[in-house]
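These features come from Swiss-Prot:
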- 1-72: domain 'Disintegrin' (DOMAIN)
- Cys5-Cys20: disulfide bond (DISULFID)
- Cys7-Cys15: disulfide bond (DISULFID)
- Cys14-Cys37: disulfide bond (DISULFID)
- Cys28-Cys34: disulfide bond (DISULFID)
- Cys33-Cys58: disulfide bond (DISULFID)
- Cys46-Cys65: disulfide bond (DISULFID)
Amino acid sequence: AGEECDCGSPANPCCDAATCKLRPGAQCAEGLCCDQCRFIKKGKICRRARGDNPDDRCTGQSADCPRNHFHA
């Protein structure tokens, strides 16, 4: 409980392996919308469209790539 990131690897530059907390200044440690410990800017495509669904895009507020609300 209380983990902010996966503390499996001490080599992760975003996560303190001893505390499982994000390092100072880091917003995220992993995810499709995380790049070099920072959230990717809003609107960047993180998952290409399939069929008639539009592309999924980063929100700028999270490391996760949200499912587009048009997905079935």
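The chain as shown is numbered from 1 upward.
Here the Cβ of each residue, glycine as well, is placed from N, Cα and C on the backbone.
Annotated features taken from Swiss-Prot, shown on the structure.
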residue : record         : Cβ within 10 Å
Cys5    : disulfide bond : 22
Cys7    : disulfide bond : 16
Cys14   : disulfide bond : 20
Cys15   : disulfide bond : 25
Cys28   : disulfide bond : 21
Cys33   : disulfide bond : 24
Cys34   : disulfide bond : 22
Cys46   : disulfide bond : 18
Cys58   : disulfide bond : 24
Cys65   : disulfide bond : 19
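Separation of the C-alpha atoms of Cys37 (disulfide bond) and Cys7 (disulfide bond): 14 Å, rounded to the nearest whole number.
Cys37 (disulfide bond): 19 other CB atoms within 10 A of its CB, across all protein chains. Cys58 (disulfide bond) is 6 Å away from Cys65 (disulfide bond) when you measure Cα to Cα. Considering only the disulfide-bonded residues Cys7, Cys14, Cys33, Cys58, the residue whose Cα is spatially closest to the Cα of Cys20 (disulfide bond) is Cys7.
Cα to Cα, Cys15 (disulfide bond) and Cys5 (disulfide bond) are separated by 6 Å. Checking Cα-Cα distances from Cys28 (disulfide bond) against the disulfide-bonded residues (Cys5, Cys7, Cys14) with a 10 Å cut-off leaves Cys5, Cys14, in sequence order. Of the recorded residues, Cys14 (disulfide bond) and Cys34 (disulfide bond) place their C-alpha atoms 10 Å from one another.
For the disulfide-bonded residues Cys5, Cys7, Cys58, a Cα to Cα distance of within 10 angstroms from Cys34 (disulfide bond) holds for Cys58. In the three-state DSSP reading, Cys46 (disulfide bond) counts as strand. Cys5 (disulfide bond) sits 20 Å from Cys46 (disulfide bond), taking the Cα positions as reference. The CA atom of Cys33 (disulfide bond) is located 19 Å away from the CA atom of Cys7 (disulfide bond).
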